[in-house]
Amino acid sequence: MGRRKVEIKRIQDKNCRQVAFCKRRKGLLKKAKEISILCDVDVAVVIISNRGRLHEFSSNNSLSGMLQRYESHVEAEKEINAEIQVAEHSKYSGFTTMGELLQTTERQLEETNADGLTVTDLIHLENELQTALIQVRSRKTHLMLECAKDLHEKEKLLQEEKKHLEDNIASIKKNTKVNEMSDLPAPHIFCGQQRVTLNFL
């Protein structure tokens, strides 16, 4: 028999919960170590039990260094997002059509000073292009659905017309047959007279 699927919810029994925590903690730390070796990446795992005990793993033996790198990345992302929000009303946000946006993007990338664009400008351009792509795909999906709906309605109308024509043809054939039978001459029945001669001895 296969292993019973475990329902993911809080284990009510305290002892069972502690046993499951120990087993899964060891498995998680083992997987973290394996992925750091196999994929040559930095991995950090921090686990705090319900008793407040700390369990940790760091592939480079410096958890504090990993946390500092993480905080640096978070701060950089926050700054970039803030700059993007400020730039929402910049020169790129004034485009009303996707064509204008694409033309301007192409023109700026082809210019000699394209390398002078900031990271914020490039990220904003990327976001605008993604938005335009989403709108194009949405429009395409809408048109395809409308086309499929029209084809379905046309097919339904054609089937109804076909049935109507078949009924008309059947009615015409029936009327023609009745008319042909009514045009035939009435049958004449001749009753021959038989004379019977009785001979009496």
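Just so you know, the numbers here start at 1 and follow the chain as drawn.
Using the three backbone atoms N, Cα and C, a Cβ is placed for every residue, glycine included.
Note that the coordinates shown come from a computational prediction; the quantities given were computed from them, not determined experimentally.
Now, the feature entries from TrEMBL:
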- 148-175: coiled coil (COILED)
- 1-61: domain 'MADS-box' (DOMAIN)
- 85-175: domain 'K-box' (DOMAIN)
Three-state composition of the domain 'MADS-box' (1-61), taking helix and strand from DSSP: 26 helix, 10 strand, 25 coil
Average model confidence [pLDDT] within the coiled coil (148-175): 86
